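Right, one structure below, let's go through it.
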Amino acid sequence: MGRGGGRRRDRLRWSTLYTFSCFRPHGADDAAGPSATGVGGPGFARVVHCNNPALHRRKPLKYVLNHISTTKYNVLTFFPKAIFEQFRRVANLYFLLTAVLSLTPVCPFSPVSMIAPLAFVVGLSMIKEGVEDWRRFIQDMKVNNRKVSVHRGDGQFEYRHWQDLCVGDVVKVEKDQFFPADLLLLSSSYEDGICYVETMNLDGETNLKVKRSLEVTLPLEDDESFKDFRGVIRCEDPNPSLYTFVGNFEYERQVYAVDPFQILLRDSKLRNTAFIYGVVIFTGHDSKVMQNSTESPSKRSRIERKMDLIIYILFTVLVLISVISSIGFAVRIKLDLPHWWYLQPQNSNKLDDPRRPALSGIFHLITALILYGYLIPISLYVSIELVKVLQAHFINQDIHMFDEETGNTAQARTSNLNEELGQVHTILSDKTGTLTCNQMDFLKCSIAGVSYGVGSSEVELAAAKQMASGADDHDIPLQDVWEENNDDEIQMVEGVNFSVGNNRKASIKGFSFEDDRLMQGNWTKEPNSSTILMFFRILALCHTAIPEINEETGAITYEAESPDEGAFLVAAREFGFEFFKRTQSSVFVRESHTSSTGITEREFKILNLLEFNSKRKRMTVILKDEDGQILLFCKGADSIIFERLAKNGRMYEADTNRQLNEYGEAGLRTLALSYRVLDEAEYSSWNAEFLKAKTAIGPDRELQLERVSELIERELILVGATAVEDKLQNGVPQCIDRLAQAGLKIWVLTGDKMETAINIGYACSLLRQGMKQICLSIPTGDQVAHDAKKALLSSLTTEQAAKESLMLQIANGSQMVKLEKDPDAAFALVIDGKALAFVLEDDMKHMFLNLAIECASVICCRVSPKQKALVTRLVKEGIGQTTLAIGDGANDVGMIQEADIGVGISGVEGMQAILYLVINNSSFIASQICYFFYKNIAFGLTIFYFEAFAGFSGQSVYDDWFMLLFNVVLTSLPVISLGVFEQDVSSEICLQFPALYQQGPKNLFFDWYRILGWMGNGLYSSLAIFFLNLLIFYDQAIRAGGQTADMAAVGTTMFTCIIWAVNMQIALTMSHFTWIQHLFVWGSITTWYLFILAYGMTLNSRDNYKILLEVLGPAPVYWAATLLVTAACNIPYLIHISYQRSCNPLDHHVIQEIKYLKKDVEDQTMWKRERSKARQKTKIGFTARVDAKIKQIRGKLHKKGPALTIHTVS
């Protein structure tokens, strides 16, 4: 049948095969009116006029357009919101007040000197915010400007931008395109309206979902058929539920019920289907995926919030000394000013009127608040912003976070939260694309009780290398084992060899199997060749995949519902059983080595297909071969298959079960394969029952189908089992192991089924053998009614029972954890999305969180994007520690935004990149902040001391230019280099000593002890600088003519001492020096001398004219005072750090000393012992899995069995 655009309608009616997930019977209930589904009531008031979008652009409907925006700002809100963001910072608010007061006569400085720095600081930060939000805007525009084919009228379609779509538009989406909005599926390229949809962006799953249109819209099969198409959809209002939909479709005077199987959600992708037609129901922010998104939050780091508390303290000190100054000024005005005749007190204004000393004191309070403002560093925020931007640049350029395959580098979309990377407590990670590569590799199999496949999983290989190295338990770190044993073959003990070479041939994607006994037709020589033949045929025939032939190369690829199916088909092809064609009623396989004629093409007629779901845990296909024999092929979980075996079908059960356990211990995913031969009479009788159940109408249809399926899926004969390796992102198990040793908690939030998520948990070592699992789920005894009204009533009656059941499960789990006496016992918590919807409610969420905290790992399955965000919020607020969320799709945006730190993954490096990102970013910004407060206290308090010494006159001892340049030029670059380039130890050492990371979450760098210590250091330095200089210069002649020092000479000398003291202090603080640090530290001191030299040559310098050349430079006391005061300021800190390193060293101090003395090279035993001490003992991770495997291998060795050989897969 013809199609618009010259396409041919695919003649495949999948509804004859599918039974559970996509086929919905069509009958009387479909004509139920609105009252049956609740449509038209509260929450169900949306009306969509199909093919008439103009009605939805005006009132009373006036639905939103399809334009989306994820930015924080727009043209109108940028200035007010950005200003609000800046003045949430306490210091900025203070400097805004001082800038306003600078316009009054009470200010001791010019208004420009107060307003310009504030404008610079706030403006720079606003520009940074604007640039980062502009990038979000560009990303939104790329999405909004995608194009889709839209019906414009008269049966003609044209391409429009996504943002121009309206509710009611009829669109045509082609293969591999994303759906631009939430659509009602009308028809597809398949005759019965089936289409395949990939929902990875919504729920993280890579397996394809099957959708099917209503039968009444199947005739809408080409562009012309939409010329006169009209219909009305009455449905639920916009909501975030991805898995539900309630509505009716009114068409040709009939009403048809619509359910989720007819709904195509925005951001999912059309796969395996040439095209579909659909009508737009929800657009833009009304679509379900956007309903699951959250507004871009304004995040502030914990360090920044704590910095506000410090500024409050400094502001309190500022007010205190200002009050002291104002009281002193008022007292002097009242008592002494009348006697100072030379000041002409009779002409005094209100600022210094001896008749009103209280009022003069109040005015002087304002002057003092401005004068002592250097206690609060305005340049602190600018310096931190600059440090963060430079850190973000280095993150972007980090070679460890570069994906060679795609050429992508890391991109720090915002730099506001860099310091939080060093303080992460809990990581919440998506699974698909973050932990896994979405790729399965066929690695081993068991056929007729014989294990085939000599390749090794990552767990087996690590165990082999660690044993070969002689490592016992944790004496030698696992990393050394990987690095030191790279020989092609390792002989551990006599008769036991481990082949770990890298000279193997390149593996085929999805197929890493190595065993000559089955390859190249050698399986025909095996004793059980007939069973092996059946095994290969099950692999090639028991599936729902579609083959796609590359017209240029002739190569066949498979579009499968799950990665497992794809791996099985690739394996079957490599074994000589190539599935190459599917028709409506048959599948075709090219078989090699089954006949003397070479390659034989065989046709198998499909009679029935009972697909896999999470409840059945198995899949069955019934076929008729070319000889007329009816075969039933069944694959599924071993526990499900074994209980359905016939008495004569258990011949290989014991051996297969043992091998399945071995595969599981090696971290592999397993399925059991079985078959039975059906006679014609039995099949005919069963098929009649099956067709009756398939076409049944009512809420018990699923139960009838399950009952009938059970009748045929019995008396099976076991053939064998498969073992596939879920290909994880590069280094994920080792990465998780190190993160666990660093003390980080890891939660996995995925949209996958519970079984899939648990398998991934085993593969990446979040779960392991022997770990006790606590599974929280809602009992599935009650079936959901198809009738929406009954479903609503049912939910009302069962909701309380479900909550009570979950509360009981949580209580039992908590009791189990409390009563566990084994200190090495580990618990894992697994919960699905339906249960999560209840436990996230206020009355249960804290019980759930308390149980989760007690468990070693937590896995949340079938989680919607909204639930991911809610779980993240619960963890963040409930634990009160820094959270980091990792995801790779649109379904993870809410979680990423809700967490303290959000990381989006792109490429195949995955979670390994997070290791470098987290471990490599300790909180050096904390040291920078502490140093900033130190230097400003040391500088600011000297102004207060001099003002008190000068009778609280409001006179500054320093020139205005000195004060302006102190924070901006003379001390800014060294502190910036501290935040950007400082390393206590190298990144490589951090990876070898993961426990070092705990210095961040334990807040060792920014606790109140350290903060107050730095403040005390600043107080001491200010006292030393002021009083030593005052003592030296009070009545000392400094010039050849006998002149003593004036205020300018004393002020310049004090300022010189400050520049030397604070720059020497930062030099003592730094652990890692490069030429840049040397340039900035010593260059800042040099810049001061060059400035005072140049400034003294200008007439504007007033009292400082040629002060260095003629006054201070020739005076030895100036240089002696600088040396003495600098030493006095820094010797106490030098004594402190010397004592700490000698008597109470931190972990990184010990490692620094070892590296400095080169003990890591000269004494390897000591180095490895220290590394072993630095690993926290964990209950999850790769090391725990390897230890279990080692025990298993040693058990085999004690039995003195045949040689044990383990190979790697390159």
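Note that Cβ sites are derived from N, Cα and C of the backbone, with glycine treated the same way.
Look at TrEMBL and you will find 48-115 tagged as domain 'P-type ATPase N-terminal'. According to TrEMBL, the feature transmembrane segment maps to 309-331, 362-384, 961-981, 1011-1034, 1046-1067, 1079-1097, 1117-1135. Here TrEMBL flags D430 as active site, 4-aspartylphosphate intermediate. According to TrEMBL, the ATP binding site annotation covers D430, K431, T432, E565, F612, K635, R669, T750, G751, D752, R862, K868, N891, D892. The annotation Mg(2+) binding site is assigned in TrEMBL to D430, T432, D888, D892. Residues or ranges marked as domain 'P-type ATPase C-terminal' in TrEMBL: 925-1145.
Location within the structure of each feature annotated in TrEMBL.
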| residue | record | Cβ within 10 Å |
| --- | --- | --- |
| D430 | active site, 4-aspartylphosphate intermediate | 28 |
| F612 | ATP binding site | 25 |
| R669 | ATP binding site | 23 |
| G751 | ATP binding site | 29 |
| R862 | ATP binding site | 23 |
| D892 | Mg(2+) binding site | 30 |
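Looking at G751 (ATP binding site) and D430 (active site, 4-aspartylphosphate intermediate), their Cα atoms lie 8 Å from each other. Counting only the Cα atoms, the space from R862 (ATP binding site) to the residue listed as 'active site, 4-aspartylphosphate intermediate' is about 11 angstrom.
In terms of C-alpha distance, the listed binding-site residues F612, R669, D892 place D892 closest to the residue listed as 'active site, 4-aspartylphosphate intermediate'. Residues belonging to the domain 'P-type ATPase N-terminal' (48-115) score a mean pLDDT of 81 in the model. Counting in whole angstrom, F612 (ATP binding site) lies 27 from D892 (Mg(2+) binding site) by their C-alpha atoms. Helix, strand and coil counts under DSSP for the domain 'P-type ATPase N-terminal' (48-115) come to 31 helix, 3 strand, 34 coil. Put simply, R669 (ATP binding site) is 26 Å from D892 (Mg(2+) binding site) when counted between their Cα atoms.
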